[in-house]
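Worksheet: the structure to be examined is printed underneath.
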Amino acid sequence: MACCESNKGSLEEDSYDGPVGSLSECALLMQEKERESLLSPSESPGTLMNSSSSSLQNTAPLQGYDVEFDPPLESKYECPICLMALRNAIQTRCGHRFCKSCIEKSIRDAGQRCPVDNEMLSEDQLFPDNFAKREILSLTVRCPNSGCTDKMELRHLENHLAVCQFATVPCPQCQQPIRKGYLEEHKTVECQRRPMSCPDCVASFVFEDKELHEQQCPFASVRCQYCEMDLIRDQMESHCDIDCPKAPIACNFSMFGCKERMQRHDLAQHMQEFTQMHMRYMAESLRGLSLNGTSPKPLRTLGPSILAEDIGAAAPAAACGGLRGAASCSISSAAPQPTDEMQRIREMDGRLVKQDHQLRELIILKETQAGQLAELRRRVSMLEETVKELEAHQCLGIFIWRLRGFSTLLRNQEAGMTVVEHSPGFYTGRPGYKLCLRLHLQTPNAPRCSNFISLFVHTMQGTFDGQLTWPLQGTIRLAILDQGPECQHHMEIMETKPDLQAFQKPVIARNPKGFGYVTFLHLQQLSQKAFLKDDTLLIRCEVTPRFDSTFHREGPAVQPRGPEASISKE
């Protein structure tokens with residue numbers, strides 16, 4: 001078999017009918033083409049190592065072994081003709097060694113003389129040197145494949161090349177030479193011709209056509225350029241023509257001469273503001289048709305955009321007089337009009353008045369409903385605040401904060417964004433102090449506390465503040481709950497310090513000063529236990545206040561937690 005590089009020799013026991021001595025560039029190219037012609041259509045020169053030995057026996061003989069020996073090849077095993085390691089070593093009667101194919105070629109082409117000492121030499125005076133052959137096959141060589149560091153005896157090189165993961169084979173999809181070890185990854189991840197299917201329309205295509213398909217897929221999700229609504233591509237045309245409130249459209253009276261264009265949701269306002277102008281346009285159009293001796297077409301034949309219902313929906317009662325004046329002026333200055341045309345104009349005039357009244361009623365109804373809706377929203381907001389306050393009263397000093405969607409907070413923290421969350425308020429009892437928790441995920445580049453969860457307690461203005469003694473005194477237990485069966489919670493205990501601002505009576509809704517732990521828990525510890533379940537983190541706070549008549553300025557020290565933890569005031 002051949003080596004993985006196309007200009008390398010193979011390990012087959014055969015001969016080569018090539019030129020004597022060093023080959024010219026042209027000869028090497030001819031030799032390469034001959035070797036490539038032996039491959040099947042699915043093979044390339046880089047995969048010649050996988051061809052069967054029977055097919056190589058029918059090819060032109062090769063010269064010596066062109067491989068890298070380790071240690072380097074001794075000169076006694078080097079063919080004087082091809083200057084490579086002896087292949088099928090042959091010894092002459094004058095004691096010189098040659099490759100079998102090299103010396104036979106030399107005798108046929110250059111004459112029956114030894115190429116070294118010019119002694120007379122014929123083919124029947126050549127003898128196989130099996131000792132040298134065995135010695136050469138037992139020498140250590142390096143794998144010729146780039147990146148492979150394996151070494152083996154020359155006789156085992158052929159078997160190694162057949163399984164070497166650094167050998168290149170053509171990708172069956174794009175035909176590019178790829179290392180065997182990366183072929184599967186290339187076929188599924190990198191190949192530009194790898195098969196894919198559209199998640200929207202389930203059509204099949206290759207990766208290099210993905211962008212083209214995404215631009216044409218009828219079921220792909222696209223965004224309307226006017227209202228930014230997400231739709232499928234097949235619906236976009238009808239959406240822009242019929243439904244989109246911000247799509248630019250022409251006025252319904254454009255066929256009568258109105259050249260205004262506006263967004264669809266502004267059409268009703270335009271129709272209401274420019275009704276008299278529209279009536280003049282329509283009267284002038286009717287007069288022009290009469291002067292030309294052409295009977296005006298019925299309104300329904302002029303298009304659906306100016307039906308009586310559309311006109312009436314945007315016309316106030318004041319426009320009716322304008323229509324009468326314009327129409328009567330145009331009729332009196334023109335030839336006598338047919339009776340049926342006059343009757344049609346009167347009917348249209350009556351419809352305009354009726355639709356104008358209906359429009360005014362709808363506007364009044366809309367304004368009334370908008371006021372009622374605003375009042376309902378205000379009441380709902382008040383009820384929500386009342387419910388939150390009632391829930392806070394039920395805690396009685398033990399509050400569990402369910403922090404949902406914690407993975408989103410972690411992604412923001414990894415991106416270097418500031419992540420701060422406040423819990424709802426809760427009471428320590430009835431009556432009791434109102435408190436809340438603050439969680440802060442420290443960024444990766446935060447000094448001394450990077451990637452830590454910081455947890456603090458804040459006092460809030462509450463219902464019972466006037467009945468309580470200030471500052472707040474007592475014991476606070478903070479814990480992040482293990483939601484697994486072992487329930488190995490991470491808990492810390494601290495005592496309040498009455499001399500700190502964090503425990504004084506708040507003068508605003510929430511005391512800006514908090515008290516707690518900057519390094520409460522490292523984020524890596526979240527994965528060591530079941531602290532996260534269903535993307536939810538549970539934080540428990542238990543407050544036991546002391547209602548002493550007097551308090552000591554120097555509060556007890558915080559419970560020790562180790563040298564890496566700290567407790568701070570914010």
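Even glycines carry a Cβ here, placed using N, Cα and C.
The following features are taken from TrEMBL:
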REGION    33-57  region 'Disordered'
COMPBIAS  47-57  compositional bias 'Polar residues'
DOMAIN    79-118  domain 'RING-type'
DOMAIN    160-201  domain 'TRAF-type'
ZN_FING   160-201  zinc finger
DOMAIN    213-267  domain 'TRAF-type'
ZN_FING   213-267  zinc finger
DOMAIN    396-543  domain 'MATH'
REGION    550-570  region 'Disordered'
Checklist entry - Helix, strand, coil residue numbers for the domain 'TRAF-type' (160-201) per DSSP? => result 15 helix, 9 strand, 18 coil
Checklist outcome for this item: Residues in the domain 'RING-type' (79-118) per DSSP class, helix first, strand next, coil last, are 11 helix, 8 strand, 21 coil
Checklist entry - What average pLDDT is reported by the model for the domain 'RING-type' (79-118)? => result 90
Item to check | DSSP-derived helix, strand and coil totals, residue by residue, for the zinc finger (213-267) | outcome: 22 helix, 12 strand, 21 coil
